[in-house]
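Pulled from TrEMBL:
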DOMAIN    125-305  domain 'Malic enzyme N-terminal'
ACT_SITE  Y148  active site, proton donor
BINDING   R201  (S)-malate binding site
ACT_SITE  K219  active site, proton acceptor
BINDING   E290, D291, D314  divalent metal cation binding site
Amino acid sequence: FFPISSPHPQPTCSCTMLGSRLHQRIRHFPLCHARTATFQASKSSHVGQVVIVEKSGVDLLHDPLYNKGTGFTKSERDRLKIRGLVPPRVLPLDQTISIQLRRLQHRYKQLNKPLTKYMWLNNLQDRNEVLFYRYLTENIEAMAPIIYTPTVGIACQQFAQIFRRARGMYFSAYDRNNMNAMVYNWPIDDVQIIVVTDGSRVLGLGDLGSNGMGIPIGKLSLYTAGAGVHPSRTLPVVLDVGTNNLELLNEPMYLGVQRNRLVGDEYLDLVDEFISAVTQRWPKILIQFEDFSNENAARLLAKYRNKVLCFNDDIQGTGAVALAGILSALRVAGRPVVGKDNFSLADERIVICGAGTAGLGVANSLKFAMTASGAKNVESHKRFWLLDVDGCLGSGRENLTPGQEN
């Protein structure tokens with residue numbers, strides 16, 4: 001066993017054992033929750049980081065963060081008590097990785113339907129996260145539409161039917177007054193980002209209740225693959241406040257709370273308890289609100305944005321990306337974005353197809369940029385037309401949300 005001189009050894013990241021591009025992205029993020037046993041890779045420039053683990057034997061092989069499949073060395077197999085629990089052939093590290101990836105690619109090519117590919121990748125993630133992210137990062141263009149949109153929408157619709165293993169946490173209407181204790185059921189002390197949904201407006205599919213868990217899982221997988229966030233530092237969450245989807249209310253296999261959604265103060269109190277619980281355990285946590293209904297998305301963001309580190313991806317993320325695209329287009333066209341006498345962005349006429357959370361987020365981001373560049377607020381309003389299924393938003397329309405009225 002490797003001597004431990006500090007309760008927080010640096011660096012201690014399981015993914016460094018593969019010496020992959022993922023390692024190069026996340027090697028500066030130590031994993032500090034394990035204490036008792038270690039194994040060590042070779043001394044090359046890409047590997048050699050010490051990984052501290054609490055598990056051995058079958059328990060280690062069943063932990064996707066530490067399981068390397070056939071990649072354990074002979075000495076690791078002895079020290080970690082897994083000799084005989086994996087196939088006996090041992091190859092050099094680079095060859096092992098190459099063969100593992102070839103095996104994955106061979107199997108993946110045999111799969112035809114996107115949902116089947118999603119389930120297969122999900123199963124790989126549950127077995128071996130290091131290999132999953134290596135495979136994902138090397139095939140990101142092909143895999144991103146599988147682990148996230150559009151395939152994740154189909155997966156959410158059939159979430160209960162294809163469910164195999166729990167991932168993330170569920171805070172439900174049945175858990176009121178227990179959330180402060182529940183958060184300690186999660187084994188990681190250094191969670192840095194939570195993606196949370198209440199499943200009320202999943203993509204364009206409507207109310208999917210707890211089936212919406214596929215969205216936080218997929219989003220955080222992309223954060224690891226694209227931004228190098230260590231998977232142990234992420235936590236997908238569903239706030240299960242019920243569902244108004246009659247099909248789910250009558251579905252025997254549905255895994256969520258089968259009652260109508262909480263509304264009003266009951267709903268807000270539950271969200272408040274959740275926010276309080278997670279920020280108490282992880283004071284520096286970043287909370288990302290994802291796929292909340294039009295009614296709740298804006299008011300939750302307004303309530304918490306100045307209290308905790310949080311953002312709403314549908315409102316702010318989509319808006320930021322749309323603004324960046326338009327600013328880039330203006331530069332390519334040779335038109336000034338800002339200037340003393342020519343505020344080019346403020347001169348554009350903006351038509352947005354869709355007046356939900358994302359459409360309003362785009363409008364607000366563009367309007368903010370217009371006013372920041374010198375345009376008057378009243379004038380910037382006149383540059384926008386928002387369309388939904390009933391036509392153009394205007395003063396003659398009824399049943400508009402507060403955001404749409406604004």
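Even glycines carry a Cβ here, placed using N, Cα and C.
Owing to the predicted nature of the structure, the values given are computational and were not obtained by experimental measurement.
All protein chains considered, the CB of D314 (divalent metal cation binding site) has 25 other CB atoms within 10 Å. Same-chain residues that are not part of E290, D291, D314 yet have a Cβ within 8 Å of the Cβ center of the divalent metal cation site turn out to be T197, R201, V202, I215, F289, F292, A297, N312, D313, T357. Here D291 (divalent metal cation binding site) is compared against the recorded positions Y148, R201, K219, and the shortest C-alpha distance is to R201.
Candidate recorded positions: Y148, E290, D314. Nearest to the residue listed as 'active site, proton acceptor' by Cα distance: Y148. For E290 (divalent metal cation binding site), the same-chain residues lying six or more positions away in sequence with a CB closer than 8 A to its CB are V195, V196, T197, I215, P216, K219, N312, D313, D314.
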